[in-house]
Amino acid sequence: MFDLNQSLFLRALRRQPVERTPIWIMRQAGRYLPEYRKVREHAGDFLNLCKNPELACEVTLQPLRRYALDAAILFSDILTIPDAMGLGLYFAEGEGPCFTNPLQDTKAIHALKIPSIPESLSYVFDAARLIRQEMPKELPLIGFSGSPWTLACYMVEGGSSRDFKRILNLIYTEKEAAHLLLNKLAVSVTAYLTEQIKAGVNAVMIFDTWGGVLTPQNYKDFSLAYMHQIVQQLKNEYPDIPVILFTKNGGQWLEWMAETGCDALGVDWTCDLASARKRVGGKVALQGNLDPAVLLTAKNCIRREVGSVLASYGYGTGHIFNLGHGITPDVPPENVAIMIEAVHEISPQYHL
């Protein structure tokens, strides 16, 4: 029987020798694939797709059928936890995620209940079990959650935001309420990732999409502290499950992030991979960091830029190739194949 620990992805995460650099793609199950669009249309809307384990399983498997990827990522949304807390998640056409009951004052934060994660988000764990059963046995499955800070941003703003005025006002003027909210979310995220691990995921990733809007001290206090808490609790219970942290626009804080006890850091395209490796490569693996815009260019440009990312990381293990953020819906599927082939062809020379 195949030992999943021998997979390229898990070996690279643990900084063990590999024959080539593993690759997966953030949002690899997504709107750039015509087969995904067909299933989403059948589901009626994005949330129905997330809440239907069979359909979530199908779209998770689609990119694996099309491409030689080294891991699958559970198909879900980062806002399932706030939805389970009763905020009423919905997706407005062209606007992204919104809540019918955003947290409009400190009273709402005090009243917010920590949900029973196994019951309220059972559809996520059912999907994870089904995916693990149906997907290739030799490939790892990645589970994920939004970070407490990122979830709080959406919950207080009521959806996406350009300036995050409400949540930033909260941390400056109602510090205690902000910490109460983040603590409730940290407890929920820990329970959520624990249940995903029980359902069969082989690694977990915490997406801190909005950590980069904070000052350094506020990042430490309101984002990193809670991710640290989650990592410690997961590692206490599941020391062998790798944890990846990703703060978008957080390249200046890699040293702090590496101190949390996580196994790897995701880096976006604004971060120089060679200097990131010098700074924290002795402690953690690095995942990234091709600019997603490269996938909208021609074959020779894609190959050149893939080569640049691989050369920037350099020789040896500890690198998982990925984009610096999620793949965009306008990417031609054939360009993804060009990127993956380039990683397969160019990376072995760095692992001799």
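Including glycine, each Cβ sits where the backbone N, Cα and C put it.
The annotation in Swiss-Prot ties R27, Q28, A29, G30, R31, D77, Y154, T209 to substrate, and of the candidates under consideration, H319, H325, H344, the one tied to the same site is H325. The most densely surrounded of the binding-site residues R27, R31, H325, judged by C-beta neighbours within 10 angstroms, is H325. Overall, the recorded substrate-binding residues R27, Q28, A29, G30, R31, D77, Y154, T209, H325 cover a maximum inter-Cα distance of 23 Å. Within the same chain, residues at least six positions away from Y154 (substrate binding site) with a Cβ under 8 Å of its Cβ are L79, P82, P97, F99, G146, S160.
A gap of 14 Å separates the Cα atoms of R31 (substrate binding site) and D77 (site 'Transition state stabilizer').
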